[in-house]
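For reference, TrEMBL has these:
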type: BINDING; residues: 396, 423, 425; note: Mg(2+) binding site
type: DOMAIN; residues: 9-94; note: domain 'Thiamine pyrophosphate enzyme N-terminal TPP-binding'
type: DOMAIN; residues: 157-255; note: domain 'Thiamine pyrophosphate enzyme central'
type: DOMAIN; residues: 361-489; note: domain 'Thiamine pyrophosphate enzyme TPP-binding'
């Protein structure tokens, strides 16, 4: 990905990159969108690169780079920078802070790049210089494997620990997929060897098959699905696989498990009384699967706890459109080759309630929580996976942040379906803390998409205010294979999920905790 608005410090660099037949340049509307598109591409490809200019480009791209860091995605941020002679000659330059010290961008980058996302700064007069490689590239690209002794000891100790427990449960987190190396397949092998209940955190939805008999729902405190919270809290041993406990994923710290945790992370394993470093997640799960004993006690208990299937109401075509009806129709769209992006806001909660068929993928940005993320991220993802049907659920407030990137979907003829829920405001913020700042100027979203077409685009913009109009619009979107289709779904401003309201109350309470006063 490269950003094009301001680029004079990286012009030669772009020329050199374009000359490489193995690389394809994808221009984005601005640096924020560029970094978020690269983040989405990394979700699909495993690694991506974002190329920007100094300061005015990189500082904007730091936002998406921060997302990649928080979400454990491999993103390389590449920035052009001033001529190497300028610092010693004390020149004041454009695109800088007006000082002769140009190291500030590197210092900023150090805070948001490490291991998965990394930062490369290339002075403009070195972009065309010959690169003398100091060693074989395999030193950087070869996969890191576990220390054999540590792996063996970790698996043996974990198996012994679990053997003394009566009610084990596996809790899956978003770092599972980031670990790569077959970690998802190894988890499935381990789960079936243990026979226990498997719950997933909201950001890990889709990382364990939802049609598997051991899947017991999304563990998200008071807004959990399928009684996942009841079975997690009933357990006497919780094997946490790539989990991430934040204020958002724990509903304002109200859903932290209250038993000792055994945590299998991307490169180490920790449980009560022991810590093992240099242990890769996929290898650990696979090895542990050969050591554990079968125990399905938590599945027996969950079958007693799980709620009855919800009866779905199908409205008449002329009935007013609602949030639940949007979800019902989206559910019918999901197939084995579908990837669903859900934007920060009520789309999180509506998407979490959907049932993913085998092969369907689910993408969410919960750790960083940047509104507007889903539009450029879906663009980047779809570039890598044109074979999959990409669907985005987003609110009107979020869409206004990164709307420009729809023009890139048009440019590259990507048949992305965008379901834009227009309830005229930032609903998620309203439920956390309301104020006039949560109201936004309404747009004619369907008409805006047509403006992106120019003279050669194939995007379609449609509006739906009834159940029947949404059904008709989805048919149009399904038939439009040459460009994106945006469907503006107008619903009542107060029509939001019970889960969002509940979650918002707890997060607001956590935010409002008074400062601790030390004793004197």
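The backbone N, Cα and C atoms fix where each Cβ goes, glycine too.
No curator has checked TrEMBL annotations; they are predicted automatically.
Remember, it's a predicted structure, so these values are computed and weren't measured experimentally.
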Inset, instruction - Could you pull the average pLDDT for the domain 'Thiamine pyrophosphate enzyme TPP-binding' (361-489)? - result: 93
Legend entry - Cβ-Cβ neighbours of residue 423 (Mg(2+) binding site) (radius 10 Å): 21
Legend entry - Helix, strand and coil totals (DSSP H, G, I; E, B; other) for the domain 'Thiamine pyrophosphate enzyme N-terminal TPP-binding' (9-94): 38 helix, 14 strand, 34 coil
Legend entry - Counts by DSSP class (helix H/G/I, strand E/B, coil) across the domain 'Thiamine pyrophosphate enzyme TPP-binding' (361-489): 58 helix, 28 strand, 43 coil
